[in-house]
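Student: For Cys121, Asp123, His177, Cys180, the entry in TrEMBL reads Zn(2+) binding site. Here TrEMBL flags 51-77 as region 'Disordered'.
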Amino acid sequence: MASNSNTVEKTTPEVDISGQVESFSIATAPSEDHAHHHHKHHLLHKYNESGETAEDDDHDDACCPRSPVTFGPSPAVEKSHGLTRLLKNNRAWSKAIRERQPDFFEKCSKGQQPKVFWIGCSDSRVPENELLQLAPGEVFTHRNIANVVVGTDLNCLSVLQYAVDVLKVEHVVVCGHYGCGGVAAALGDSSFGLIDHWLGNIKQVKQEHLSNLNEIKDTEEKCRALVEINCRNSVLTVAKTPTMRAAWERGQNVEIIGMVYDIQTGLLGELGYHIKSMDDLQSHLKVDSNALFAARASKAATA
Ligand SMILES: [Zn+2]
C-alpha cells in the first residue's frame with residue numbers, strides 16, 4: 001500500500017476482493033512525504049531533561065501547530081497521578097503552547113474546523129490527538145469501549161451528525177485496535193456486569209462470523225480478526241446512517257475510513273474501507289464472511 005497510509009489520504013482503492021486482501025494489512029511506516037512530516041515533532045523538543053529548553057530547529061509558523069499534546073511529562077512534576085501533577089502538567093502544557101504560538105488559544109476560542117472525525121476505543125493507549133499528531137481543534141472525537149457504532153446509540157449518532165452536518169468533516173475515521181479488552185471480553189464467556197449489554201453488540205458481530213472465527217485456533221489471532229471485523233461493522237453502520245446518506249445525496253465530500261491501531265508498534269493501518277457513497281457501501285455489503293476471511297488468510301500467507 002506504499003505511501004497510502006495517512007489518515008487524510010484521499011485516494012480510494014477499488015472496492016473488490018483484492019481490495020479486501022489489501023485491507024487487512026498494517027501500514028509499515030507513516031508516509032515520509034506527508035506535508036506536515038517535518039513539523040510533527042517540533043513540540044517534542046519543548047520539554048527535555050533540563051526542563052524547559054526549547055529547540056526550535058524546525059519551527060515554521062506558516063504551518064499549523066503540530067501536536068501541542070505531545071511533549072512528554074515535564075521532569076518537574078510529581079510522579080504520582082495526584083491532582084497536583086495533573087494541574088502542573090496542564091500549566092506547563094498551556095505555557096509551552098503560548099510560548100510557541102501566543103495567539104493559539106485565542107484562535108481556538110473562536111471556533112473549530114476539524115477535518116477529521118474520529119470514532120475510536122476509550123482505551124487509554126489509543127489517544128487520537130497524540131497518535132495522529134494533531135493539535136487541539138484538528139480532530140473531533142467520539143470514543144467508547146471497543147469503538148462500537150450501533151444504530152440505536154443516540155450519543156454516537158448525535159456526534160456523527162454534528163461532525164458531518166455542522167463541522168463538515170471530510171474524514172470519518174473508525175479506528176479499532178489490536179489488544180482491545182472489549183473485543184477480547186466479547187470473545188469469551190465471562191460476565192462483567194453492566195458492560196455485558198454493550199459487549200453484546202460485539203458478540204453479535206462474532207456470531208455472524210463464528211464459523212470463520214472458529215477456524216482460527218490461535219486466541220490472539222482470533223482476537224485480532226474480531227477487532228478487524230468489529231471495526232468493519234462499525235464502518236458499515238456509520239455508512240448506513242441517515243446522516244451519511246443525506247450528506248452524500250447533497251454531494252458533500254465526506255469519506256468513512258476503517259483503520260486499526262497496533263498498540264505494540266504505535267502504527268495505524270488501513271482496513272481497506274474507503275466509503276464515500278451509497279454505491280461504495282453496497283459494494284462492501286456484498287462481501288460475505290467467507291470472502292472476508294479468505295482475503296485475510298491470503299494476506300497473512302503473503303506477508
Ligand atoms: Zn479497546
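For all residues, glycine too, the Cβ spot is worked out from N, Cα and C.
Just so you know, TrEMBL annotations are computer predictions that nobody has curated.
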Student: So what sits near Asp123 (Zn(2+) binding site) in its own chain, CB-to-CB under 8 Å and at least six residues off in sequence?
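Tutor: For Asp123 (Zn(2+) binding site), the qualifying residues are His177, Cys180, Gly181, Ile263.
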Student: Name them in sequence order: residues not among Cys121, Asp123, His177, Cys180 whose Cβ is within 8 Å of the mean position of the Cβ atoms defining the Zn(2+) site.
Tutor: Gly120, Ser122, Arg125, Val126, Ala146, Asn147, Gly176, Gly179, Gly181, Gly182, Val183, Val227, Tyr261, Ile263
Student: Would you mind listing, in sequence order, the residues at least six apart from Cys121 (Zn(2+) binding site) in the same chain with a Cβ closer than 8 Å to its Cβ?
Tutor: Arg143, Asn144, Ile145, Ala146, Asn147, Cys175, Gly176, His177, Cys180, Gly182
Student: Neighbour count first, Cβ atoms within 10 Å, every protein chain included; then name which of His177, Cys180 tops the list of binding-site residues.
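Tutor: Counting every other Cβ within 10 Å of each candidate, the maximum falls on Cys180.
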Student: Determine, from DSSP, whether Cys180 (Zn(2+) binding site) sits in helix, strand or coil.
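Tutor: Going by the DSSP assignment, Cys180 (Zn(2+) binding site) belongs to neither helix nor strand, so it counts as coil.
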Student: Indicate whether Asp123 (Zn(2+) binding site) is helix, strand or coil by DSSP.
Tutor: coil
